[in-house]
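Note sheet for the following structure.
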Amino acid sequence: MALLEVNNLEVSFGLRQGAVKALRNVSFTVERGERVGIVGESGAGKSVAAFSILNLISRPGEITDGEILFEGQNLATLSDKQMRSIRGNRIAMIFQDPMMTLNPVLTLGQQMVECLQAHRKISTADARAIAIEKLRQVQIPSPETRIDQYPHELSGGMRQRIIIAIALLLDPVLIIADEPTTALDVTIQAEIMELLLNLCDSNNVGLILITHDLGVVSQITQKAIVMYAGRIIEQGPTKEIINDAQHPYTQGLINALPQQTVPGQRLNQIPGSMPSLQAIPSGCAFNPRCDFVMDECKTRLPEFTRSGGCSVACHMVRAMKQNPETVQPVDSSEEVK
Amino acid sequence: MIAFVIRRLIQAMIVMFVISLLSFSIQDNLGDPLRELVGQSVSEQERQELRDELGLNDPFLTQYLRFAGKALQGDLGTSYFFKEPALDVILKKLPATLELVFGATLIIVCLSVPLGVYSAINPRSLLSKTVMGLSIVGISIPVFLTAIMLIYLFAVELAWLPSYGRGETVPVYGSWETGFFTVDGLLHLLLPCVSLASIMLPLFIRLIRAEMMEVLESEYIKFAKAKGLPLKRIYFLHALKNTMLPVITVGGVQIGTMVAYTILTETVFQWPGMGFLFLEAVNRVDTPLIVAYLIVVGAIFVITNTLVDLIYGLVNPTVKLAGGKS
Amino acid sequence: MSSDVLAPAAAPSRWQRFKDSQLVHSFSRDKLAMVSFTIFVLYLLAALLAPLIAPYNPYDPSAIDIMDSEIPPAWQEEADERFALGTDAQGRDMLSTMLYGTRISLMIGICAVMLQMFLGVMIGLTAGYFGGRIDSFLMRLADIQLSFSTMMVAIVVLAVFQAAFGAELYADLAIFMLILVIGIAEWPQYARTVRASVLAEKHKEYVDAARVMGFKSSRIMWRHILPNTLSPILVISTVQVANAIISEASLSFLGLGMPVSQPSLGSLISSGFEYIFSGSWWITVIPGIVLVVLVLVMNLLGDWLRDVLNPKLYKG
């Protein structure tokens, strides 16, 4: 049994103008110790997906359909109290901006000890000892004195290490990291990512990494999920996706990576921008920006097609699989410049 | 921390200096001390001699320094009407006024925090909507009108509560008497304190609610939820502590404002406090008393503001030792 | 603006834009805002037309008969059909006196806020645009001014002036003194908000562009930056007029405001206070209700505007 199995998840935001579906038909699995990357532009719904697993979507968002099976329990139907015993305990989260994530008026120690005490019957002294141990694991120098400091006395990179330490406090089986390095200096990003990778690896912790950076996904994860306008459009083993992306959107993302560009040349951007959730085009949501658009793309939603280890939601890919002769797309993205 | 305290103290001293300068100019221009001393039956020449003798013809600066020097020793002149040192007259009335402010503050703190927090946590509940609706009505009623309505209702129509004076008081220390320890004193305090609180209470409820709602939207609250903390701890430790920081600052200023409103409440309830005395002094053109009131009230303002800043510095860990915000 | 004169064709589109704006849209859906606005307009009309619609002239001593004093309103026993809302202690018709009183209260409120706005906008623009020492000095001044409550400053200043001028002369000057004092005491509200907007706008491209094109700084401020501060100013102003009316009423109640011969709502309430114990409640209660409803609808409108326009207001 998979550690986490998300089936047909749908999340809606009830706005005054009517409900807006931020996530539709999202299904994926995470195995024990597996690292999964969710990629997409901002607004693709990847953060909503991450937060909905812990039922932490802010109002007026709510899960309107689907199930989230974690260790055999459906998280979507748990009571608040049951949910609380999972948050921070079995599943931990790491947030995007370490400058905003820690409470400015409480010491690091208070914020760590309270987390332990919320889930275990443990004395403050023992909790403190565990906290210091975890701080050491995330390579905070002199944790015994740091623990009594306030967040504003630490740099952003340090704070993100603290947050990782908090995530590890109760030895969770799954960590959800929402763009954990976006807000940090470039030089620190790699350090934090490596730290996260090593800690997950050595403790056999599953990781869901939300990011817009395919480069990070290729270094860290074993499985990649690409999202566009609230839906998954392609998922499969990271290696396959990076080396042989099927969906035109994924190809576009890979071509947009700086290392794919000849020095001196402009970055290969995907033309246009992602539609707002209130105005998703009919058919395949990517069709207005797609170079390979066919008539079918504008009217009918593509279903998933197997292609190697991946599954892809694209009419063109399906057509090519069924009958490679009929479709002759402009092959390889090199001509698309 | 020491640098922060020193900076605040210097600022407080500058403000007190400005207040003393203003007070002095008032004293210099308002009323005629000679007439109070000798009446009108003195010839012009004798008047001039007396003016010289009293130093009233000295340059402004000399006169101000003399005034400030005396003021520092607690000598703010003699009240024309009471024929007593003005400062003593004022200070005798101080306890009555502080008692009002204290009672009103008590009401405000006890009600605004729970109501503000509740309506921030449950913005859609009926109680929150009622509280918010009533609070905007409350803001729209002037203090003196609330006071009059309370008197009309509870003193005139129902005759449950007394409408004027302090009632029975017991001495605490020196001339300090309080109504807090007698039933009669408390009954007399009730209406004035409620009217004084009536204008600030809605302001504080709305302020606490707005701040708390903003805090509840913050990332660190979301993170606290993601840690699986009990809601009680999230609301009353994580959120409330951050909510109260700005509220403390505003609150400090509002305590000063409340001293101003005591003038209104004291007038309506004929409460024998400083404000009531001040208005009497104005009507009698009792300049030394007016000046003494200004200096005492100015000092109250400066002291509360400085204290609040210091408390804020102590409570807020991000206020650095140098006094700047990080 | 000169562009309006030059291009009259633009006028309908501007009206159309106003009609389609979020403000109007939200207004047409918010019953409370509509009711408040209607009441406010009625107040304005009553204030403007007071001399025309009032049955009596409360300022004319010959029209007042002391024998008519303390007549209760029409629905009470012992009422007099000449006076729908009764008479006050001097025998003036309450309805007429209140119409004139509303006129005075509103006038003082609006004029005082205009003065606040003028001072605050000038100081805020100066502080925000020039920055540096000027900015820190002006904002420090604003801090100190705000730390002393308006009421306190107003009471002290007016009391001193009253003592200096004597009550007779003061009564004649009261209306100007009230406007001046309330107007001067509250400028920091505007100054801080305008300054914050200026700081936010100052580094935007269009301002840079205007500067590069060689416009003078005064022109940049008036034509480019100021229009962006309009919505916070509108929100503040609504609430400030309400506050000014309360301040005026409170000062008049203390005897530092409008004289009884030319009463505002506040002095009317004040004059009725001593008769409340003898049962003549209407002299106090009716103008009290008139005052509270006026201030309430303005506060409700201010709240609604803040929700709709959602400007960045300076937080104290």
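Heads up, the Cβ atoms here are built off N, Cα and C, so glycines get one too.
What TrEMBL says about a protein is an automatic prediction, not a curated fact.
Given the structure is predicted, the values throughout are model-derived calculations rather than measurements.
Annotation comment: TrEMBL describes C:102-302 as domain 'ABC transmembrane type-1'.
Feature annotation from TrEMBL assigns transmembrane segment to C:32-54 (among others).
Residues 43-44, 47, 138-139, 142, 175, 178-180, 182-184, 186-199, 202, 217, 221, 225-226, 229, 233, 237, 240-242, 244-245, 248-249, 258, 262-266, 291, 294 of the same chain, all 6+ positions outside the transmembrane segment (C:104-132), place their C-beta atoms under 8 angstroms from a C-beta of that stretch. Sequence annotations record features per position, and here TrEMBL assigns transmembrane segment to C:104-132 (among others).
According to TrEMBL, the transmembrane segment annotation covers C:144-163 (among others). Within its own chain, the transmembrane segment (C:144-163) has Cβ neighbours under 8 Å at 170, 173, 177-178, 181-182, 185-188, 243, 247, 250-251, 254, 256-257, 316, counting only residues six or more beyond its boundaries.
Per TrEMBL, the feature transmembrane segment maps to C:169-187 (among others).
If you look up TrEMBL, you'll see C:225-246 (among others) marked as transmembrane segment.
Long-range contacts of the transmembrane segment (C:281-302) within its own chain (CB-CB distance under 8 A, at least 6 residues past either end) are made by residues 32-33, 35-37, 39-40, 43, 70, 72-73, 76, 85-86, 88-89, 94, 98, 101-102, 105-106, 235, 238-239, 241-242, 245-246, 249, 265-266, 268-269, 271-273, 275. Sequence annotations record features per position, and here TrEMBL assigns transmembrane segment to C:281-302 (among others).
Within the same chain, residues 26, 93, 95-96, 99-100, 102-103, 106-107, 293-294, 296-298, 300-301, 304 sit at least 6 positions outside the transmembrane segment (C:32-54) and bring their C-beta atoms closer than 8 Å to a C-beta of that stretch.
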